[in-house]
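Below is one structure, written out as structure tokens; comments come after it.
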Ligand code: HEM
């Protein structure tokens with residue numbers, strides 16, 4: 001090859017390298033285009049979280065439901081229209097909270113740099129900051145996600161795990177988005193905060209096999225307590241129960257402690273005890289909070305990368321609930 005040939009090869013490598021770096025999320029993606037964006041988000045989250053600590057649970061769940069359906073592209077935030085039932089209105093998403101908060105954060109960032117920071121990044125950063133602000137783990141949030149144009153309720157039904165799923169089904173849903181058994185156990189650890197509606201465990205408590213029975217894998221004393229003090233009948237749609245009783249706003253090992261006592265609220269939580277592999281991952285978490293935080297951070301960063309849109313894909317929405325005109 002002559003010197004011209006070498007030159008051509010070099011150019012191709014340089015172009016491929018630039019292409020590959022641009023095709024990735026990166027830490028501080030907005031450092032030049034909107035240098036204050038991350039600071040604005042952190043400040044607003046910190047200022048507000050102490051009045052509403054339960055928001056951290058709402059935001060991390062919102063981020064999770066976003067990422068599992070069409071990737072982390074804020075498609076979960078889009079409103080339904082006359083012709084389209086959006087993800088937001090799919091059954092598993094009817095109990096999501098925090099939409100208004102994200103819209104407010106986005107408006108602050110828009111005021112600083114219009115049309116620059118995506119709703120998907122605002123959500124990913126707000127979720128991370130809120131968990132950190134309540135004393136939970138911190139994880140890296142590389143940015144540069146773009147907002148999706150499509151949001152379909154049917155995709156949410158297909159893509160999200162349900163509280164009645166067994167381990168095989170959960171692993172397959174996680175596998176579809178590139179996550180493994182370790183991620184499943186770690187991310188489920190987020191159930192150390194937040195609340196659930198009685199309706200999510202009504203069948204488990206009152207009609208497990210269609211004979212008016214209770215799921216035998218749920219600790220019987222706990223089941224009785226839930227039935228007498230919280231979810232008093234099978235039709236209760238409004239009462240809220242803590243997933244980690246007594247520490248619903250504290251990010252700790254409480255969830256895993258509950259699960260090993262057979263007090264995990266959902267069948268999907270109990271299912272983590274059904275294989276030696278997932279059991280071992282739980283036991284490892286129970287050894288140290290610090291270890292749990294580090295592993296949780298890794299899985300969250302991985303989750304935040306699911307099928308992201310980058311470069312010229314999608315758009316930067318002006319309002320998170322609406323695709324740009
Ligand atoms: C593994 C499969 C999972 C299933 C089946 C599942 C299911 C559920 C259900 C049914 C609720 C209760 C909703 C309600 O009744 O209001 C809930 C709440 C919650 N989930 Fe999950 N979840 C899973 C994984 C995750 C992951 C990966 C995260 C985050 C990383 C997460 C974070 C939360 C939080 C924080 C809440 C409380 C929300 C609030 O207080 O509003 N979950 N989950």
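If you go along the chain as it appears here, the first residue is 1 and each next one adds 1.
Cβ atoms here come from the backbone N, Cα and C positions, even for glycine.
Annotations in TrEMBL come from automatic prediction, not curation.
Annotated in TrEMBL:
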ACT_SITE  65  active site, proton acceptor
BINDING   66, 69, 71, 73, 75, 87  Ca(2+) 1 binding site
BINDING   161  substrate binding site
BINDING   191  heme b binding site
BINDING   192, 244, 252  Ca(2+) 2 binding site
DISULFID  34-113  disulfide bond
DISULFID  67-72  disulfide bond
DISULFID  119-320  disulfide bond
DISULFID  198-231  disulfide bond
DOMAIN    24-324  domain 'Plant heme peroxidase family profile'
SIGNAL    1-23  signal peptide
SITE      61  site 'Transition state stabilizer'
Collapsed DSSP category at residue 75 (Ca(2+) 1 binding site): helix
Helix, strand or coil at residue 320 (disulfide bond) [DSSP, three-state]: coil
Binding-site residues compared (75, 192) - the one with the fewest other Cβ atoms within 10 Å: 192
Rounded to the nearest Å - Cα separation of residue 320 (disulfide bond) and residue 66 (Ca(2+) 1 binding site): 12
Sparsest-packed among the binding-site residues, when each Cβ's other Cβ atoms within 10 Å are tallied, from 66, 73, 244, 252: 252
Fewest other C-beta atoms within 10 angstroms, as judged across 34, 113, which are the disulfide-bonded residues: 113
The residue listed as 'heme b binding site': tally of other CB atoms within 10 A of its CB: 23
Contacting recorded positions, sequence order - 61, 69, 72, 161, 231 vs ligand 1, Cβ under 6 Å: 61, 161
Distance [Cα-Cα, Å, rounded] between residue 192 (Ca(2+) 2 binding site) and residue 67 (disulfide bond): 20
